[in-house]
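Engineer: Following this message is one structure expressed as structure tokens.
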Amino acid sequence: MTNASKPPVVNCPICGATVKWLAENRWKPFCSERCKLIDLGQWATEKYRVPVEPKPDEGETPDQAERPQ
């Protein structure tokens, strides 16, 4: 068996279980639907966030956005 025929293996980001990266694995990179839903719930409750730079509202200058009201 050659390396080309072995599927890549990753760890489930939720529980750490070993997961083969195959087209048949409908939950990849997760090991199960349960882990996939746990991850979705963490995004929905904002446990995970994508960092962004806050932008001033339209029409505000940067100085106005920084001043307390």
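Placed from the backbone N, Cα and C atoms, the Cβ positions cover glycine too.
In case it's useful when we look at the structure, here is the feature table from Swiss-Prot:
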{"type": "BINDING", "residues": "CYS12, CYS15, CYS31, CYS35", "note": "Zn(2+) binding site"}
{"type": "REGION", "residues": "49-69", "note": "region 'Disordered'"}
Engineer: Mind checking which of CYS15, CYS31 has the fewest other CB atoms within 10 A of its CB? They're the binding-site residues.
Structural biologist: CYS15
Engineer: Three-state secondary structure of CYS35 (Zn(2+) binding site) from DSSP?
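Structural biologist: The residue in question, CYS35 (Zn(2+) binding site), is helix (DSSP, three-state).
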Engineer: Which ones in the same chain are close to CYS12 (Zn(2+) binding site), with CB under 8 Å and 6+ residues apart in sequence?
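Structural biologist: Looking at Cβ-Cβ distances below 8 Å from CYS12 (Zn(2+) binding site), excluding near sequence neighbours, one finds THR18, VAL19, PRO29, PHE30, CYS31, SER32, CYS35.
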Engineer: Write out, in the order they occur in the sequence, the residues of the chain not among CYS12, CYS15, CYS31, CYS35 that have a C-beta within 8 Å of the mean position of the C-beta atoms of the recorded Zn(2+) site.
Structural biologist: PRO13, ILE14, GLY16, ALA17, VAL19, PHE30, SER32, ARG34
Engineer: Could you check what DSSP calls CYS12 (Zn(2+) binding site) once collapsed to helix, strand or coil?
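Structural biologist: Note: CYS12 (Zn(2+) binding site) is coil by DSSP, not helix or strand.
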Engineer: For CYS35 (Zn(2+) binding site), just count the other CB atoms lying within 10 A of its CB, please.
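Structural biologist: Counting Cβ neighbours of CYS35 (Zn(2+) binding site) within 10 Å gives 19.
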